[in-house]
Amino acid sequence: MVRFGLTVVRHGETRYNKDKILQGQGVDEPLSATGFRQADAAGLFLSSVKFTHVFSSDLLRAKQTAATILGKNKFCKDLEIKYDARLRERKYGVAEGRPLTDLKAMAKAAGEQCPSFTPSGGETLDEVRERARDFFEFLCQLAVELEQKEQDMHGAASRSSGTPEEQLVFPWTNHCSEAELSSDNSGASKILDANILVVSHGAYMRNWIGYFVSDLNCTLPTNLTKSQLSSVSPNTGVSHFIIKLENGNLLKPEITCVCLNQDSHLVDVGAECVASKVF
């Protein structure tokens, strides 16, 4: 069985987030001072997690967040960040660079609701979901190939022989109701074939998680409300999933959400770091 961890983090705040202006793909703003503090806090929160791979959207706000998080990590400071356009924010076409209220007005004029409305030149939700599906299948294939390579090199017995330093530290188990991480009966329950960090964007992440839930029957924490599930992650909100692929079957992944949009690391960052719901 292939088993890997997936940690998804939204980028830190930009001044456009603060001013409730849509960025999408066409506005490539850097992090604000607050955004860098949020990324620092997320990095400290994840500092003891030994990631094997890091992927980021190729937009500046995500790239800066990923680099800041890695800079705080005890194990992965020199890990290469791979930038992938499939992780970009939803494209909002003519609405990019304009206030969120303009998008809502466009949707109302068209007799539609946000966020399902697609402005001229923008991506539909189905197109965003297709990007997310394609990237997730790429991650599953990556984990399968890593497991096969490990089997070829060392044999099955070696997977349960990790040293304590190789065991992965999951800070969010203290904050979340789901503690699936040690529930397996196998002796290698905490050994993962890969532990992947992804830094992306609010609307994209909401769509990706929707794909997990509606298409792949992701198991959710019992205390998660519908409003929490449908809301956009706060800046540097952390979500964590465990994915299992029985017999390397890419078509039927078993996904458990350990926590969704976790933001306890922002408590001491400052009052201005209240969750921003701007995409």
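Here the Cβ of each residue, glycine as well, is placed from N, Cα and C on the backbone.
If you check TrEMBL, you get these features:
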ACT_SITE  HIS11  active site, tele-phosphohistidine intermediate
ACT_SITE  GLU89  active site, proton donor/acceptor
BINDING   ARG10, HIS11, GLY12, GLU13, THR14, ARG15, TYR16, ASN17, ARG61, GLU89, ARG90, LYS91, TYR92  substrate binding site
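A map of TrEMBL features onto the structure.
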residue: ARG10; record: substrate binding site; CB count, 10 Å: 32
residue: HIS11; record: active site, tele-phosphohistidine intermediate; CB count, 10 Å: 33
residue: GLY12; record: substrate binding site; CB count, 10 Å: 31
residue: THR14; record: substrate binding site; CB count, 10 Å: 24
residue: TYR16; record: substrate binding site; CB count, 10 Å: 19
residue: ARG61; record: substrate binding site; CB count, 10 Å: 29
residue: GLU89; record: active site, proton donor/acceptor; CB count, 10 Å: 27
residue: ARG90; record: substrate binding site; CB count, 10 Å: 24
residue: TYR92; record: substrate binding site; CB count, 10 Å: 27
- Task: Give me the Cα-Cα distance between TYR92 (substrate binding site) and HIS11 (active site, tele-phosphohistidine intermediate), rounded to a whole Å.
- Result: 18
- Maximal Cα-Cα distance (Å) across residues annotated as binding substrate, namely ARG10, HIS11, GLY12, GLU13, THR14, ARG15, TYR16, ASN17, ARG61, GLU89, ARG90, LYS91, TYR92: 20
- Could you tell me the C-alpha distance between GLU89 (active site, proton donor/acceptor) and ARG10 (substrate binding site) in angstrom, no decimals? 10
- Task: Pop the Cα-Cα gap between ARG61 (substrate binding site) and HIS11 (active site, tele-phosphohistidine intermediate) into the table, whole Å please.
- Result: 6
